[in-house]
Amino acid sequence: MSGCGLFLRTTAAARACRGLVVSTANRRLLRTSPPVRAFAKELFLGKIKKKEVFPFPEVSQDELNEINQFLGPVEKFFTEEVDSRKIDQEGKIPDETLEKLKSLGLFGLQVPEEYGGLGFSNTMYSRLGEIISMDGSITVTLAAHQAIGLKGIILAGTEEQKAKYLPKLASGEHIAAFCLTEPASGSDAASIRSRATLSEDKKHYILNGSKVWITNGGLANIFTVFAKTEVVDSDGSVKDKITAFIVERDFGGVTNGKPEDKLGIRGSNTCEVHFENTKIPVENILGEVGDGFKVAMNILNSGRFSMGSVVAGLLKRLIEMTAEYACTRKQFNKRLSEFGLIQEKFALMAQKAYVMESMTYLTAGMLDQPGFPDCSIEAAMVKVFSSEAAWQCVSEALQILGGLGYTRDYPYERILRDTRILLIFEGTNEILRMYIALTGLQHAGRILTTRIHELKQAKVSTVMDTVGRRLRDSLGRTVDLGLTGNHGVVHPSLADSANKFEENTYCFGRTVETLLLRFGKTIMEEQLVLKRVANILINLYGMTAVLSRASRSIRIGLRNHDHEVLLANTFCVEAYLQNLFSLSQLDKYAPENLDEQIKKVSQQILEKRAYICAHPLDRTC
């Protein structure tokens, strides 16, 4: 393998991989055990933990049979009985539809069986998400109920809390909502103003505050609510910290506003929820007092990955619908399917669906392992990739359909409206990119602390080691991270893509060290840098997923595995080239880096709060 030697054949890539001396200045239960391993974090060190991701996860035949038997009635219901157009127009899911969803068990998919749920694994939950995605409003309603609404009880609840609340939540008799966002705090969850004050008898907390954009807010009986509480620190000082509570509507003082009139997912119930002197028993604290922020992040981190299967299911149906149109519609005496620009759109949709599907089921498989790894970064990457791919691919589908895609007589414009929220839901993609990059950099920083300190102090042995690395890179260093060869885990038909993945990973690790040396702790403020770091990592994880999945498909002889190889290789080449450019941009002095210009343009606009260029028809005299 040519390693960074190939990488260094272009000027931009050479800059990206410069030396580091830049300056001296058995039951299917939802597993809730503590995380013990991580895959994505090791990529920041230029390492690939093969055992975490190769071979691609598999489910047992019994589990596969079970989920397939369950899918049939659900798919039949969505196909024959769900009127998505009516739901969208009326802005409400009919009561009879909700009752049918409850009877199918869809409100308790991941609730453990001993509490009345189905106890689906993450993999089975993802598979069902492909079917539920047939209606965006229903998808959001169910996800808000169990992916975030009741998830805190599963993850952090006591046995008493689980026994009290989960059975009715699993059956759908009670519906759950997640109450975090407030009028003055969106992505900045730590700045919430709702307050819970301990009563004099210390038996209740009195909750006051308002929450906004609460899905299921007008339907819910049970709310997971986050509020400021006074906490006595170890030094005796009193501080405000966030605490999570399980709040019943029946506690009193709980009201909600009218449903919001939204762009998309119009049938889901989204409204403000108000708490006025709501008495919460101390037994309803979720987790520990003052640990609410951690509880909130664990809830959100645990559910994001499933967006990938939802979007993949949507895109696969969209491909079928638009392919039928493209193969029958004629223009200029040729079918649309014969035009290269139309073919490009189908290739894009298929590739995006394949990558997000692979990322989702790889992540779900890791989470389903005993002592599951820390997959918070992986889940965030799936969410970012799939939400952006959804918006891009649905837009391309409308382009294929022309005017048909723009009219309300067909479902396409509704699908476009429904998908826009995905880039905002469960953490905006901007915030998640910061999370992805900073979490990984923090991991790398802890491990590289000594080396970076020695480089800053110009320790001779460390500097010479760095110079030696730089020299070997410039001469064409061989990068072999064990993916190919006699003992490799990637099929030979994917070897070139595996080599590209190894090269990118190695050079990413080198670049991370450079960034930590250059910025230190101030890297937290460098959002344009962090965005590129996150984008590289998302590509690397996508490459990982498709290489693992396609290798498995070849090995076991799945139908159309040659098509998978084609999709995997195409994505890996594109991701590799994107990564080269991003790596070059991370060099402060590279011509590809326009950070200062971007900041200057933005500053000038925001100072005037307007577009400041003169009109092209203006004159000076």
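Each residue, glycine too, has its Cβ placed from N, Cα and C.
Note that the structure is predicted; figures quoted are calculated from it, not measured.
In the three-state DSSP reading, GLU426 (active site, proton acceptor) counts as coil. What Swiss-Prot records for GLU426 is active site, proton acceptor.
According to DSSP, LYS41 (N6-acetyllysine) is assigned to a helical segment. Look at Swiss-Prot and you will find LYS41 (among others) tagged as N6-acetyllysine.
According to DSSP, LYS92 (N6-succinyllysine) sits in a coil region rather than a helix or strand. The annotation N6-succinyllysine is assigned in Swiss-Prot to LYS92 (among others) on the grounds of similarity to another entry.
Positions annotated as phosphothreonine by Swiss-Prot, on the basis of similarity to another entry: THR478. For the recorded site, THR478 (phosphothreonine), the DSSP three-state label reads coil.
Classification of LYS521 (N6-succinyllysine) by DSSP places it within a helix. Counting only same-chain residues six or more apart in sequence, none has a Cβ lying under 8 angstroms from the Cβ of LYS521 (N6-succinyllysine). Here Swiss-Prot flags LYS521 (among others) as N6-succinyllysine, drawing on similarity to another entry.
Taken from Swiss-Prot, the feature N6-acetyllysine applies to LYS521 (among others).
Here Swiss-Prot flags 1-37 as transit peptide.
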Whole-number Å distance between the CA of GLU426 (active site, proton acceptor) and the CA of THR478 (phosphothreonine)?
41
Using a 10 Å cut-off, grab the number of neighbouring Cβ atoms around the Cβ of LYS41 (N6-acetyllysine), all chains included.
23
Return only the integer: C-alpha distance in Å from LYS41 (N6-acetyllysine) to THR478 (phosphothreonine).
23
Whole-number Å only: compute the distance from the Cα of LYS92 (N6-succinyllysine) to the Cα of THR478 (phosphothreonine).
60
